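Trainee: I have a structure I would like to understand better, so I am pasting it below and will then ask my questions one at a time.
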């Protein structure tokens, strides 16, 4: 049946499109529901599982004891695995794939517990995608109750109910792992134990905001730093990378030279060869480049900073999705023959896109600020360590003020740079996308705006240079 459905889906797209879009009560074909809507959540989990497994293997936070929440997740996962096999005699491929995927989700839940994960964004997104795909089938079964198979309808309703329960359980946070560093702090930061939804919405900081609204904040109200942000963990990482960089460029080259051993003047005889030699081992430094602090910083903080670049790419793309949805909404308003549900669809899609763009942008700035804070901490700690062991000869070349400047002003500049360094590639990308979409609507008239923008570049440069001269103290 699935092969017949796929061929029907492939060779009759106009009929399916007319049934899905150009009708007052849209619906998807049965073959689409039994194939694509089943495969999408499975494909998501199977693609993310290897990467997520490697991440959990390298980020062991401890061990979480078996709790009621974890037992409930495991029990619901096994029930889903059993229910998915109910349709296997009728539809072989999709139920088999879905059943194996549910078993994989259950095993990943237990592996998260062993690695100390209190709340998982990967699993929450999986259950959310599965619920959204099943909701389409759920609506179709309600509006088209013809040819009802009681057994298949019952198993689907049980499956849909278990998916909703799994989604609700995945949104909750488990207890902290045993022997974790956060449990030793007097006032631990709630970000570590917050759920995925709380982290992406920054709900975990609400308590501090409410306390600051009621009364002025005191030292005891501030949370302890996370273990990843503390100097005893950040500074050694940069120092180790810097030492490796120094060893690469300062490794000497050993040369072995043979020189004849000179006899005393009184004992020299003509025609007697010199048989003894002295072996001289000389270490000559190679002429190589200077050690690069920039490369050491990239190796230390680059992987975490690349996450912010990914967020920035998504946010830049979503920035242009909203205006295109608005364009489609305007076309719907001007088209009197369009079904009314399309207006609600465009409005809901625009709302979801705007909310998602806001969440991505805030996560981008959060990652940038955290990376900048770690970078500044590492630079200050490395400079301070070097200042304690610097030789007297080197101390004469640098004053105390210069060292203080390195630890305060220059380190702060690095922190400020992290927030906006992505604009090097993000700004041209935004300009190119904006010009492309404007050209689609305005045509060659866009070139006038481009000319004005290009002419403003040297003017802004002159104004910036004048402002800089006024800010320099005389």
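Keep in mind that glycine also has a Cβ here, set from the backbone N, Cα and C atoms.
Per TrEMBL, the features are:
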TRANSMEM  36-55  transmembrane segment
TRANSMEM  76-105  transmembrane segment
TRANSMEM  117-138  transmembrane segment
TRANSMEM  150-172  transmembrane segment
TRANSMEM  192-213  transmembrane segment
TRANSMEM  292-314  transmembrane segment
DOMAIN    306-474  domain 'ABC transmembrane type-1'
TRANSMEM  344-365  transmembrane segment
TRANSMEM  417-439  transmembrane segment
TRANSMEM  445-465  transmembrane segment
Trainee: Sort out the residues at least 6 away from either end of the transmembrane segment (445-465), same chain, that have Cβ-Cβ distances under 8 Å to it, and list them.
Mentor: 435, 438-439
Trainee: Out of 36-55, 117-138, 192-213, 344-365, what stretch is closest in contact terms to the transmembrane segment (76-105), meaning most Cβ pairs under 8 angstroms?
Mentor: 36-55
Trainee: Compare 36-55, 117-138, 192-213, 344-365, 417-439 by their Cβ pairs under 8 Å to the transmembrane segment (150-172) and return the stretch that comes out on top.
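Mentor: Out of the listed stretches, 117-138 contacts the transmembrane segment (150-172) most.
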Trainee: I'm a bit unsure how to read this: which one of 36-55, 192-213, 417-439 has the highest number of Cβ pairs shorter than 8 Å with the transmembrane segment (344-365)?
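Mentor: By the under-8 Å Cβ criterion, the transmembrane segment (344-365) pairs most with 192-213.
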Trainee: Sequence-remote contacts (6 or more beyond its ends) of the transmembrane segment (417-439), Cβ cut-off under 8 Å?
Mentor: 305, 308-309, 312-313, 316-317, 319-320, 323-324, 365, 368-369, 371-372, 375, 446, 449-450
